[in-house]
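What follows is a set of notes on a single structure, which appears directly below.
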Amino acid sequence: MQSSEVKPFSRLRAYLCPIYKSEFSKFVPLFLLAFFVGFNYCLLKNMKDTLVIVGSDAGAEVIPFLKVWGIVPGAVIVTMVYGWLGSRYPRDTVFYCFMAAFLGFFFLFAVIIYPVGDSLHLNSLADKLQELLPQGLRGFIVMVRYWSYSIYYVMSELWSSVVLSMLFWGLANQITTITEAGRFYALINTGLNLSSICAGEISYWMGKQTFVAYSFACDSWHSVMLNLTMLITCSGLIMIWLYRRIHHLTIDTSIPPSRRVLAEEGAATANLKEKKKPKAKARNLFLHLIQSRYLLGLAIIVLSYNLVIHLFEVVWKDQVSQIYSSHVEFNGYMSRITTLIGVVSVLAAVLLTGQCIRKWGWTVGALVTPLVMLVSGLLFFGTIFAAKRDISIFGGVLGMTPLALAAWTGGMQNVLSRGTKFTFFDQTKEMAFIPLSPEDKNHGKAAIDGVVSRIGKSGGSLIYQGLLVIFSSVAASLNVIALVLLIIMVVWIAVVAYIGKEYYSRAADAVATLKQPKEPSSSIVREAQESVEQEEMAVL
């Protein structure tokens, strides 16, 4: 839907809300849909961590095993189901099917599965595995023992990849034009960050106050879980209504319903035929990545972030679990961290990111994330090593024990890392694709966003599994983890410096090519230059 309004925005309007009046009927439900998707994601993220870390015997050591042996197979199965449904049904039916599956499972877990969890858990099998396997595989044994918690963790994690990445962004990319996307997406990302603030505060408040008292609740944590699950269910129903509204707004009403169904079935069949080709092209994707130093550097940057954030988070959550031993307290703490991540992300996006990149360039913007993670990581591990030796650094001044100070420093490290990732890291990564040719963009994004990021997440878990087998616990392997993190971040910073030089060189070449006098019309040159500038500004 193109806007018929051509009047330019005022400077303030262009900065705060660059949306035409005729576009509000599409933008507002899309913005609200993004908000509720993010809202549910944040609530689920905190609850899944609380369940598996506090509710199990292994603490944070179970997370690396869940990410490899739970999430990876789950993602493969869901992708296959998504492809099967997408090849046979229209996009709205696929959305409703997945929403019904997710909401139905979360409701069923909170109301039925969790109260009878003790009788469902595989205690006898886990006891036998405990006799056979080394102590370092305790996380794997716990994953098997508390299988219902593990499935909840996997389903909550898949909410992000399925509902947010596949369904929501798939819809957004399908119904928005390129010019609309440049103006819509920045505000939609702000909506996602705002949902983090709201979800964090509501989750924290529900841990302190009883919203609705349930007579069948097993304990205080079950009561909190029931209230949060009802919120998730209501939010999901609102999402279904918003999706239906967007779907009806964007379909072409001039086409008769019978022909519209045939057209959607034809598109689904075409998608199925196209999905048979990628296996032949997968090798070309990686060859393309390896043959280009620029794309290989971007892949290393994305891989480094995913490795570093996962290695940091397991250590931090292990420290937090030693302080907050109850479900309600742990969930409340994680909820406050979620709120702070949203606040930092919004403030950084509005006040820092665009201005910093415009003033000091791509390299400085891309260095912000690794430098912030390096400095905060050094402080975090410094407080951990001090706590192990019972040395009080600032604890006496702040009124904290060494362990509490280590957990607090880790929380701030996570807030700053996530905040800079959602702003500086994501935007500079997207900007790095702009000077590339269309072929490099398509192949590079497919390989980096689709495969490399997943390898990074799984790679961090595999590193932990190896260390746990050798050292038996996270605490015993801290020295090695710190060294691995330091090496990764140094490599990350060096690669950013190299890519920065290449980025400016490629950008200058692209502009020089556009300015060549061989072009038949100067207006074409101007339009091409403006399109490049608009693409770069859309990212900022």
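Keep in mind that glycine also has a Cβ here, set from the backbone N, Cα and C atoms.
Record features (Swiss-Prot):
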TRANSMEM  24-44  transmembrane segment
TRANSMEM  62-82  transmembrane segment
TRANSMEM  94-114  transmembrane segment
TRANSMEM  151-171  transmembrane segment
TRANSMEM  223-243  transmembrane segment
TRANSMEM  295-315  transmembrane segment
TRANSMEM  337-357  transmembrane segment
TRANSMEM  367-387  transmembrane segment
TRANSMEM  391-411  transmembrane segment
TRANSMEM  458-478  transmembrane segment
TRANSMEM  480-500  transmembrane segment
Long-range neighbours of the transmembrane segment (62-82), counting only residues six or more past its ends (CB under 8 A): 52-53, 56, 94, 98, 137, 139-140, 142-143, 150-151, 153-155, 157-158, 161-162, 166, 310, 313-314, 317, 454, 457-458, 460-462, 464-465, 468
Cβ-based contact of the transmembrane segment (151-171) with the transmembrane segment (480-500), 3 or more pairs under 8 Å: no
Dominant neighbour of the transmembrane segment (480-500) in 24-44, 94-114, 223-243, 337-357, 367-387, by Cβ pairs under 8 Å: 367-387
Intrachain residues whose Cβ lies under 8 Å of the transmembrane segment (458-478), provided they are six or more past its termini: 59-61, 63-65, 67-68, 72, 134-139, 303, 306-307, 309-311, 314-315, 318, 381, 384-385, 388, 484
Leading stretch by Cβ pairs under 8 Å, where the reference is the transmembrane segment (94-114) and the options are 223-243, 295-315, 337-357, 367-387: 223-243
